[in-house]
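Per Swiss-Prot, the features are as follows:
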type	residues	note
COMPBIAS	1-10	compositional bias 'Low complexity'
REGION	1-21	region 'Disordered'
BINDING	His74, His78, Glu155	Zn(2+) binding site
ACT_SITE	Glu77	active site, proton acceptor
Amino acid sequence: MVANEQQQQQQEEERKEVKLIQSPNDNNKYRYVKLKNGLEVVLVSDETTDQSSCCLSINIGSLCNPREIEGLAHFLEHMLFLGTEKFPVEKEFVNFIYLNGGSYNGTTSPNKTNYYFTVNQESFEEALDRFSSFFISPLMNEDAVNRELNAVDSEHNNNMQKDFWRMDRIVNDQFEGHPMSMFFTGDSSTLKRDDIREKVVEFYQRYYSANLMKVCIFGRESLDQLEEYANKYFLPIVNKDVKVPKLPPLAITSKSIMIEAEPTQDMDLLKFVFPIPDEKLCFSKNYKNASASILSHILGHECQGSLFSVLFNKDYAFSLSISSNSFYENMNKIEIQIHLTKTGLENVDEVIALLFQSFEFDTPEYFFTEKKLLSEINWKSFQKSAPASTTQAITSNLFRVERPEETLKYNNFLEQFAPEKIKEIQSYLRPDNMICLFYSSTKFKGKTTEIEPHYKIKFNKRYIEQSDFDKWKSFPKNTNLFLPKENPFLPIDTTIKAPQDHSIHIPKEVYNNNGVKVYHSLDHRFNSPKARVNIRFELTSYGNNQSMVMWNLLKKSLKEVLNEKILYYLSVLDFSMKLQILTTHVELQCYCFNDIIFTALGKVFDFLMNLDLNDMQFKRIKEKVAKRFLSSHYLSPYQISMRHLSLHNFNCNSMLLDKQEYLKKVTKSEFLNYFKSLFSYINFSAMVVGNASIEDACAFGEKLNSFSNRNSACPGEVFKLARVNLPSNTITHQREFLYDTNQTNCSSSISFLIGQFNRKTYATTLVICSILGSAYFEELRTKKQFGYVVNCAQDCTGNAISMRCIVQSHTKTPEEIFDATMEFFVGFEKTLDYFKTSPSDFKDLIENCQKQNTVKQQSNSAQSSLYWSFFTFCGDFEFEKKKYEDIGKITFDDVKQYYLDHLSPNTANLRIFAAHCYPQSYQIPDEVKPFGNVKVNLLRKYEHDNFKENHGYLSSKVNLQK
């Protein structure tokens with residue numbers, strides 16, 4: 001008893017020493033605890049949360065892989081989810097999380113590995129018990145090892161044609177002899193060996209030690225209860241007193257390198273990587289002066305005087321981006337990417353010369369002052385994140401801060417301006433300290449001599465010589481390069497407009513005139529000076545080739561014309577704006593400080609309603625859209641099969657090849673006249689939520705209504721997406737080759753049409769999906785190893801309900817995927833019937849489904865996004881409440897009948913459309929296999945219009961009656 005009291009007293013003393021700095025707008029309760037085994041834990045108590053979360057991060061990642069077993073750290077991350085001594089059933093944890101409304105994941109980065117989950121609050125302790133056992137007694141059974149090898153191999157195969165992974169790999173490979181040059185993901189060629197289980201266990205035993213781990217536990221419980229959980233479940237993790245391996249500095253050891261490589265997608269870019277090995281400049285440790293962040297902001301600026309502005313006005317570049325990355329203290333790098341135009345492609349040396357000219361400046365203090373002001377406002381008006389985002393951020397920050405007290409404020413901790421640090425970083429941005437990747441889809445085709453072994457990247461490599469330096473120096477100094485001016489749009493008025501009494505205010509209609517409707521909700525809960533505005537464009541024509549091409553051109557024209565004067569300045573103030581070209585409609589989303597959001601939107605709509613471009617601008621946006629369309633052919637196969645599914649099942653008939661052909665022919669005058677005509681008959685529905693008054697919302701409605709030559713469109717003429725009415729007792733297969741000749745994966749998207757939307761059917765769909773998703777994943781991915789991408793979920797696009805299964809595989813054919821899917825649905829009846837024998841489990845299923853579909857939002861941004869999703873789905877801002885009630889009324893008999901009527905392969909109501917994509921190395925069968933008494937159809941390419949015309953469409957009206 002005395003010992004326990006002494007232990008409690010000691011813990012109380014330690015807590016007094018560590019008090020986490022907390023935002024005045026954050027009502028969570030926090031506690032830092034260091035367990036006896038050396039494990040550092042942050043506890044977060046949020047008495048309002050519906051979901052709980054835990055994240056464990058370990059300061060060991062892919063950089064610690066043994067050179068002879070590349071990918072081992074990533075493979076271990078996979079293995080820890082597959083059974084422990086306490087919970088030996090392989091998918092015990094995964095199934096528990098899914099059945100209790102949660103999600104989980106693991107990520108392996110170069111310097112750390114993260115494991116995290118969310119779950120319904122009531123199941124939190126049980127989830128912690130299962131989760132913590134990963135780090136105490138994992139099984140890593142031999143058969144699980146062999147199966148998960150296939151999963152890792154499939155994951156790599158899924159990434160092989162993605163240029164992000166390819167660029168990263170070919171650049172890192174140049175740090176010869178350094179751990180950074182290793183193949184981080186791993187595949188069967190690096191991991192398939194007789195002793196792989198022994199090696200993965202050895203890696204775990206060597207590095208997985210409590211003193212290298214950080215944990216964050218987030219729940220509704222009190223801090224004392226959460227601390228009890230921490231001791232109960234994480235104290236048994238062994239402290240082996242392991243040190244993170246001392247790795248060599250990341251540096252250029254000989255000459256700078258030029259890599260010339262072929263991308264997968266249509267792109268021409270230059271990527272510059274500058275390693276910075278100086279430990280005192282470590283980016284993640286210099287968070288109180290943000291020197292790397294300020295330098296990145298200046299170099300990546302897009303307004304007048306910036307490098308991008310010069311390149312843009314010379315028609316050399318479409319875009320420029322910069323990132324600063326820190327792995328360990330002696331491993332930092334700055335990366336700059338420039339996407340080139342056709343003109344820029346012919347002037348690469350001048351582009352490089354201008355890049356190095358742009359590095360020559362002294363940093364004025366106003367860049368720091370602006371960043372500090374924004375940081376202070378964001379800290380003062382702190383907005384909660386989703387539980388999993390919170391736990392991941394906290395564990396990550398624990399590794400970076402000087403003192404645990406600073407963990408929560410890590411990203412908002414600007415204290416001193418350090419121009420000397422910025423100057424030191426600049427000193428590493430030299431032509432003799434870089435790797436340059438020239439990544440071009442046209443320049444090097446058929447002209448490369450080397451092949452990278454893991455991603456099959458075709459490339460050339462040469463050292464950069466003094467003659468290159470001299471050539472770049474020979475370009476005259478460009479007088480248009482200078483430091484951009486101070487930001488003219490800094491927020492001035494951040495006054496909160498409503499009392500923060502935590503009352504809920506559903507958006508209400510406050511303006512309705514001449515085809516313009518505005519809905520408004522003033523925030524009383526989140527104490528944020530920001531607002532969100534969403535605008536739906538209600539169009540008389542949409543979904544065809546012409547409209548899709550024109551809207552893509554318009555989207556590019558926004559940044560083309562407005563970026564330098566206003567949009568970029570706003571973007572650095574946490575202003576986000578997206579013109580979304582969706583299957584259902586077009587919408588503009590905007591989120592920003594309330595005192596500038598309507599000014600920005602006014603400028604945007606003035607541009608849209610008075611659209612004009614010069615010839616150079618139109619040429620450039622047309623080139624951008626052409627690249628985007630061509631790159632769409634190189635998406636992952638599962639994304640392409642989903643696109644084919646949409647093409648054949650909805651009243652939008654925009655085929656990618658047709659869009660490309662139409663784009664080639666369209667002229668500037670046709671583009672301008674199209675929107676002049678379209679905007680003469682258009683309606684708008686807008687939602688204003690957050691720190692904006694009714695007067696602000698109504699004034700914005702008046703702005704939308706004031707445009708000359710605009711008339712309201714008749715509601716019956718406004719485009720509405722509708723779903724094809726698939727025939728009963730019929731399976732329709734659509735087969736097509738993939739465009740990418742190097743793609744080795746196939747994919748199938750299989751849709752079971754349920755019918756028109758109604759509330760009971762939708763609620764039943766949500767209930768059955770809460771079982772289906774994990775069961776389908778376990779069967780086709782875990783057990784049968786069909787591939788990395790396996791998913792089953794509901795889809796209500798076009799106000800019709802369907803169940804959609806997606807699989808991508810490099811080891812199976814689409815026919816095998818389809819057969820396995822149908823076999824799964826035959827066996828799924830037994831899974832359902834279990835709940836008939838266990839009413840208590842069915843009751844739990846219903847309750848968990850309710851919780852999963854009505855999660856409390858943690859911020860103004862998240863809440864407003866949820867409101868908008870309900871409005872665009874069914875026009876009812878309070879649909880969440882109805883959904884909760886409807887799910888609660890679903891019985892087992894409802895679920896079983898739903899299965900028998902719509903999903904059982906034996907039903908006469910079966911309505912399936914299956915879109916299959918084949919690599920060009922495959923043979924597409926000419927016939928389709930019969931399936932019992934079900935009629936089976938086969939469609940080929942270009943038959944979508946006839947198919948839709950023959951079958952007609954379901955009504956797109958939403959029935960909100962019970």
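The backbone N, Cα and C atoms fix where each Cβ goes, glycine too.
Mapped onto this structure are the features recorded in Swiss-Prot.
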| residue | record | Cβ within 10 Å |
| --- | --- | --- |
| His74 | Zn(2+) binding site | 25 |
| Glu77 | active site, proton acceptor | 21 |
| His78 | Zn(2+) binding site | 20 |
| Glu155 | Zn(2+) binding site | 18 |
Key: Secondary structure of His74 (Zn(2+) binding site) (DSSP, helix/strand/coil)   = helix
Ask   = Between Glu155 (Zn(2+) binding site) and the residue listed as 'active site, proton acceptor', how far is it from one CA atom to the other, in Å?
value = 13
Remark   = Simplified to three states, DSSP reports Glu155 (Zn(2+) binding site) as helix
